[in-house]
Amino acid sequence: MKNYAFTINGKSISTEKTFDVKNPATGDLIGSASMSNKDHVSQAVAAAKAAQPSWAAKSDEERKSTVNKVADILAENTAYLAKWITEEQGKPMAGPGSMFEMQACVGWTQVPASLDLPVEAIFEDDTRKDELHRKPVGVIGAIAPWNWPLMIAIWQIIPAIRAGNTVVLKPSEYTTIGTLEMVRLINTVLPPGVLNTVSGGGDIGASLVEHKDVDKIMFTGSASTARRIIESSKGNMARLTLECGGNDAAIILPGTDMKSKAEDLFWGAFINMGQTCACAKRLYVHENDYDAVVEVLSDLASKMPMGNGMEDGIVLGPIQNKMQFDKVNDLVKDAKSKGAEVICGGSPLGGPGYFYPITLLGNVDNGHRIVDEEQFGPVLPIIKYKIVEEAIQKANDTKTGLGGSVWGDDLDQAAKVASKIQAGTVWINQHGAIHPMVPFGGIKDSGYGVEFGIEGLKAVTRPQVISIKKPVLV
Ligand code: NAD
């Protein structure tokens with residue numbers, strides 16, 4: 001079985017100590033990844049630190065041109081990397097799957113390459129002139145999750161290098177090989193040391209966070225890990241961008257025509273088998289519309305082929321790992337024991353892969369674990385409401401605040417409701433519709449800081465004020 005290497009200072013590093021990577025659709029071993037240790041973390045940070053000044057000294061045009069070359073590499077290797085995503089993560093090649101993830105990688109690379117952060121004139125009078133310049137932060141540690149492994153790594157690394165930082169990336173231990181391979185390919189167009197990888201579990205992530213020469217951490221993952229990162233960055237005072245989980249509510253306003261919108265809602269809840277931070281994870285429906293909404297969603301669920309994502313026509317894959325599979329199973333079992341009605345799905349499909357059917361649950365409410373906790377799986381609890389204020393209050397009754405959505409035919413009314421939802425983004429008649437120009441980030445336990453667009457680029461810089469005293473006129 002091939003041993004995939006990590007990259008430090010432009011060189012591939014293989015170790016004797018490795019860990020296995022299995023295909024979640026088949027249980028087959030598909031490769032092994034070299035395991036980094038603390039020394040490798042130090043070497044990677046040292047390489048990033050040494051490369052940073054000369055990378056930052058390049059002109060914006062040079063860095064933009066190099067980042068565009070990265071986009072070309074990603075586009076040329078889309079099929080190869082998409083195959084890794086499907087075999088390692090589980091999402092199918094087709095539908096909103098791994099080819100889609102690779103297209104997003106290209107787009108989220110091209111857009112930062114097109115952005116600038118010009119000097120801002122902050123203040124001027126007869127006596128002084130103050131300008132705000134944007135400087136790179138330095139060495140950025142990027143820590144990625146397993147759900148959109150390549151796309152989220154790209155979100156973290158591309159704005160960082162565009163702005164003149166250098167990066168050490170640690171992929172999730174569940175989805176390491178595709179990311180190591182992507183970084184190996186990207187390194188063919190970057191100067192050595194600008195983008196490095198280390199691999200392993202949370203202990204390697206923690207070593208990176210604690211390292212004295214790391215200036216900023218870009219983290220995407222769970223709130224519990226984010227809290228550990230806050231603790232372990234107290235020594236180096238690394239700046240943090242924390243993109244954590246969510247438990248997004250979707251509210252359908254009374255009388256909304258959902259036939260035309262149902263497919264968008266379906267994928268807003270079930271893209272990547274619901275293993276997406278900003279998926280609709282709770283659906284609030286007026287009691288008079290409940291039957292019609294249930295019918296249209298269960299009809300769609302019955303038509304979506306699930307299986308090994310390497311096969312043609314498959315649009316839904318397995319759950320990515322056993323921990324997540326058990327969590328979903330446990331939450332659905334708990335809901336059933338509390339009287340939830342299983343509209344469709346509701347129990348595992350059987351091995352060898354971690355297949356769990358699209359599951360719609362009725363007769364559930366806030367206060368049930370399946371509604372209150374982030375299930376991060378192919379499950380949607382559907383909660384009836386009588387008045388819109390009740391739905392808003394229940395939507396906000398959560399510790400998280402990543403996204404939310406309002407579905408309605410009257411856009412003004414939908415916008416009024418949207419403004420009352422406590423979340424970083426509230427979509428109207430769509431859910432999870434992120435865009436590389438539009439800032440994205442959460443509130444409450446969903447973390448802090450934003451990614452994407454100009455705001456995302458600013459987040460990987462530090463402001464420097466240049467303050468000039470004007471000569472006194474005599
Ligand atoms: P996780 O927190 O378990 O792991 C994420 C990463 O952190 C992994 O690379 C892991 O090895 C690393 N890690 C673990 N312990 C660490 C430590 N002490 N110090 C440093 N790094 C450590 O999360 P996960 O299960 O991989 O991802 C799923 C979660 O991510 C869900 O909650 C999901 O909602 C969230 N998520 C959020 C976004 C977003 O943009 N807001 C996007 C995708 C996923």
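Residue positions begin at 1 at the first shown residue.
Including glycine, each Cβ sits where the backbone N, Cα and C put it.
Positions annotated as domain 'Aldehyde dehydrogenase' by TrEMBL: 15-465. On the 0 to 100 pLDDT scale, the domain 'Aldehyde dehydrogenase' (15-465) averages 98 in the predicted structure.
What TrEMBL records for Glu243 is active site. According to DSSP, Glu243 (active site) is assigned to a strand segment. On its own chain, Glu243 (active site) has Phe219, Thr220, Gly221, Cys277, Phe440, Gly441, Gly442, Ser446, Gly447, Gly449, Glu451 as residues at least 6 apart in sequence with a Cβ closer than 8 Å to its own Cβ.
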